[in-house]
Amino acid sequence: MCGIAGILELAPTQSAPADVLERMLSSIIHRGPDEDGRLIDRELAMGMRRLSIIDLADGTQPMFDEAGRYGIVFNGEIYNYRELRQQLIARGHTLKTHSDTEVIVHLYEEFGSDCLEHLRGMFAFAVWDKQRRELFIARDRLGIKPLYYAQRGQTLLFGSEIKALLQHPQLTAELDRRGLSDYLSLKYVPAPRTMFSGVHSLPPGHYLLARDGNIETHQYWDLSFEKPSTFRSDEEYLEELEALVRESVRLRLRSDVPFGAFLSGGVDSSLIVALMADELDTPVNTFSVGFAGSEGQDELPYAQIVADRFGCQHHTFAISANDFLQHAEQVLWYLDQPIADQATVATHMVAQLARQHVKMVLTGEGGDELFAGYARYQGERYSPWTRHLPAAAGGIVRRAADILPGMRRGKIALNALTIRDEATRFANWFPMFSDDGKRQLLADWSAEHSRGAGHVFDRLLQQCDAGEPLDRMLYCDTKAWLVDYLLLRGDKLTMANSLEARVPLLDHKLVEFAARLPTRLKLHGRTRKYLLKRLGSQLLPDSIIHRKKQGFPIPIERWLRHEARDLVHDALSEQRLRDRGLFNPKYVRTLVQRHESNYADHATEIWGLVSLEMWLRRFVDAPTSSLAARPVSQLN
C-alpha cells in the first residue's frame, strides 16, 4: 500500500521537473512513511511513498521487468499475486522478489493492457514503457484505490491524492462550479468530476494511455446484471455466496504485518470478523468507536456482542464533541474534497485507534450496495405507483414535505417517491439540497447548476444492462455513492493514519456474483440483504442479524446547536457569505435559525456548508505551500 504521483511532459523535448515530483511525494508522505522511490526518464518523473505490508525487505519501488524496459509505481494489493507469479515463471519470466508489484510489471510485459483482466485486488498504478515512451495508468474495477489526473497545456499530472497534483506550479486550486452543484445535491462529487477545476478522477474500471502527445481513457470492466439462464435453488446460491466470501477473506489475510478489523456490530463487518476468527489461530484485533453522551444509542454494545462471541481483542473509543471539532478541518485536508458526512471524523478516529495496534484492517464496505441494504431500496419498490400520481398531486406532496418540521428521512422519501424521472428520483433519495433548495441557496443560478442532480445517474443508467428497477439502483449506487463517498472516505482516512484497509465484500468475483442474483434474494419482503443475512445467521447472534441499521449515529444535530455553534456562526456569518459570493445569506440564516430553535433538523445542510467553507479556506484561499506534508509524528 502506498501513494503514487507523477509528471509526464507530452512534448518529449521537455524534461519533467524532478524538484516538483519531490514536493508531490512529500505531500502524501502519510500514505507511505516507510520508504520512497522515483523513476526519472527525461519527459517522465514518477514516484511513490510506500507503506510496507507484503515482502517488507524486497518490495522497494519502482520495479522493472528483466530487460529494464517497463518501470512501475503501484498503490494497492494484488491478492492472487502468488498464483500469478507461478504462471509467469512457467511462461519464462524471471522474478527477483515475492512482491505483488513485480508481478504486475511482468504481467504488463506479457499481456499489455489485458493484464488488468488477471488482477484480483485493489490498485492504482502507472507503468512507463521506456522504449515506446508510453505511460499506462490504471485503476481497479470498483474504485477502491483513488487516482486523479490533470492536463495543463502539454503537461500531464497524476497521483493518489489531489494535493499532490497541486504542487505543480501550472495547476492552481480553483473551485469547479459543476462539482459544487453536484456536491450540494449529493453530498459528494461523482467521478470523473472533482471539486477542483481541471482535475479529474479516473473512473473505476478504466485505464489511461498517454502516447504521441495524446491522452486516451478506456473502460476495461463494467458490472453486468445479466441473470443466469438456468434455474438454481436458493440453497445453491447460498453455498456459492459462502464459498466466495470465505475465499475473499482468506485472500485478504495474506500479510507480513499485524492486522485486525473495523467492527461496527452490523451484519457486514460482523460477518467479516466471524470468518477471520474461523481462519486464524489467534484472537482478531477489532476496533470500534462510539460517541460520548450517546451511550446506548450508538453501535458499541452490538460490536461488543460480536467481539465477545468470537473472542476478539476489542478496542473502543468514545468521541466527544471536542474531539470532533478538533479533527474536522484536518480530516478535510486528508480528503482533498468536502464530503457532507459527519462520519468522516469517526472514520478518521477509528483508523487512529487501529493504527496504535495494527498496520492493516479488513472492513465491511460494499454489503449494502451489492445486496440491497438501504431503506431507499424498499422505498423504490413503491415508485411504480407513486410516480403515476397526477403532477399537481406530486407537487403538493413535495411542498408539504418541505414545510413539515423534523422527520428528515420521511420528508426525503415523500419527495423522492413522487418524482417520475428515474435518474432524478435516484438522486433525490439522499440529497443535501433538493433542486428547489439549491435554487434558493445559490446566489447565482447559472447553467452549471440548472442541470439538476439527475444528470449523474442519467449517464450511469445509459451504461447499465439491468432490467429490474432494484438492480438499476444498485448499479448507480455501486458506481457513484460507493466509490466517491464510502470508498473515498475509507481510503483517504485510513491512509491518513498510514493504515491499509482491505474490503473483502468488494472482491470483483463476489461483486459479479451479487449482480447476477435474482432480486428476491436481495430484497425479500421486508428483509433487506436477504441472502447475506441468511449466511450471517449461520455464524452470528440473532441480535446482530435482526437489529435495525444505524450507521454512525453521530449526535451532530445536537452539537451544531451547542458545542459547534460558534464554528457554524463563524463559517456561515452573513459577511463571510457575502464575501464568498456563492450563497444567499438570508436563506442560510433561515436554515441555521430553524435548526437552532429546534424547529427542524438541518444538520446535514448546515454541516455540508460548514465543511465547504473550511475546504475553501484550506485549499482555495491558502497558498499551495500550505498543502505540504503533515509531520509523520502527527499521524499516529
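Using N, Cα and C of the backbone, Cβ positions are placed for all residues, glycine too.
These figures come from a predicted structure and were not determined experimentally.
For reference, TrEMBL has these:
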- CYS2: active site, for GATase activity (ACT_SITE)
- 2-213: domain 'Glutamine amidotransferase type-2' (DOMAIN)
- ASP100: L-glutamine binding site (BINDING)
- VAL289: ATP binding site (BINDING)
- GLU365: site 'Important for beta-aspartyl-AMP intermediate formation' (SITE)
Residues satisfying Cβ distance under 8 Å from the residue listed as 'active site, for GATase activity', sequence separation of at least 6: ARG31, GLY32, MET48, ARG49, ARG50, LEU51, GLN61, PHE74, ASN75, SER160
GLU365 (site 'Important for beta-aspartyl-AMP intermediate formation'): tally of other CB atoms within 10 A of its CB: 23
Collapsed DSSP category at VAL289 (ATP binding site): strand
Whole-number Å value for how far ASP100 (L-glutamine binding site) lies from the residue listed as 'ATP binding site' (Cα to Cα): 33
Listed binding-site residues (ASP100, VAL289), ranked by Cβ neighbours within 10 Å, top entry: VAL289
Conformational class of CYS2 (active site, for GATase activity) under the three-state DSSP mapping: strand
Rounded Cα separation (Å) that holds between ASP100 (L-glutamine binding site) and GLU365 (site 'Important for beta-aspartyl-AMP intermediate formation'): 24
Assigned conformation of ASP100 (L-glutamine binding site) - DSSP reduced to three states: helix
